[in-house]
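What Swiss-Prot says about this one:
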- His58: O2 binding site (BINDING)
- His87: heme b binding site (BINDING)
- 1-141: domain 'Globin' (DOMAIN)
- Ser3: phosphoserine (MOD_RES)
- Lys7: N6-succinyllysine (MOD_RES)
- Lys11: N6-succinyllysine (MOD_RES)
- Lys16: N6-succinyllysine (MOD_RES)
- Lys16: N6-acetyllysine (MOD_RES)
- Lys40: N6-succinyllysine (MOD_RES)
- Ser49: phosphoserine (MOD_RES)
- Ser102: phosphoserine (MOD_RES)
- Thr108: phosphothreonine (MOD_RES)
- Thr134: phosphothreonine (MOD_RES)
- Thr137: phosphothreonine (MOD_RES)
- Ser138: phosphoserine (MOD_RES)
Amino acid sequence: VLSAADKANVKAAWGKVGGQAGAHGAEALERMFLGFPTTKTYFPHFNLSHGSDQVKAHGQKVADALTKAVGHLDDLPGALSALSDLHAHKLRVDPVNFKLLSHCLLVTLAAHHPDDFNPSVHASLDKFLANVSTVLTSKYR
């Protein structure tokens, strides 16, 4: 459960991402594909090379979903229900991949916003991404 301080940290941190959210999402995906090559199996039809339009487009989808989640911190299950259905029933993504992408998102955010990425913000973002991952995998059971 996110505390009031966590919610404030998440909103402030994501607000600073601003118009770079899609680029950060794409960079996090690239980091995931490089660091955890087995994750590429879910994207056999994508050009996974650096800067590809398909990775950029999916990075924007990731960013849009996180932006929606940040706007609905008190109802993540409601806000992400359709996305949870998609990943569980149609795409059948291994739940561990959400944790891997979350890690890569944290690294990307820390790299681009080092002055704002203090231990408190790091912990809040980690909790937020863990909650998002839990919601996205909730319909697997």
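Here the Cβ of each residue, glycine as well, is placed from N, Cα and C on the backbone.
Positions of Swiss-Prot features highlighted on the structure.
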| residue | record | DSSP (3 states) |
| --- | --- | --- |
| Lys7 | N6-succinyllysine | helix |
| Lys16 | N6-succinyllysine | helix |
| Lys40 | N6-succinyllysine | helix |
| Ser49 | phosphoserine | coil |
| His58 | O2 binding site | helix |
| His87 | heme b binding site | helix |
| Ser102 | phosphoserine | helix |
| Thr108 | phosphothreonine | helix |
| Thr137 | phosphothreonine | helix |
- Could you tell me which of these modified residues, Ser102, Ser138, has the fewest other Cβ atoms within 10 Å of its Cβ? Ser138
- Task: Would you find the one among the recorded positions Lys7, Lys11, Lys40, His58, His87 whose Cβ has the most company, meaning other Cβ atoms within 10 Å?
- Result: His87
- Query: Counting all other Cβ atoms within 10 Å across every protein chain shown, which of the modified residues Ser49, Thr134, Thr137 scores highest?
  - Reply: Thr137
- Given the modified residues Lys16, Lys40, Ser49, Ser102, state which is nearest to Thr108 (phosphothreonine) when distance is taken between Cα atoms. Ser102
- So what sits near Ser3 (phosphoserine) in its own chain, CB-to-CB under 8 Å and at least six residues off in sequence? none
- Given Lys16 (N6-succinyllysine) and Lys7 (N6-succinyllysine), what distance in Å do their CA atoms have, once rounded to a whole number? 14
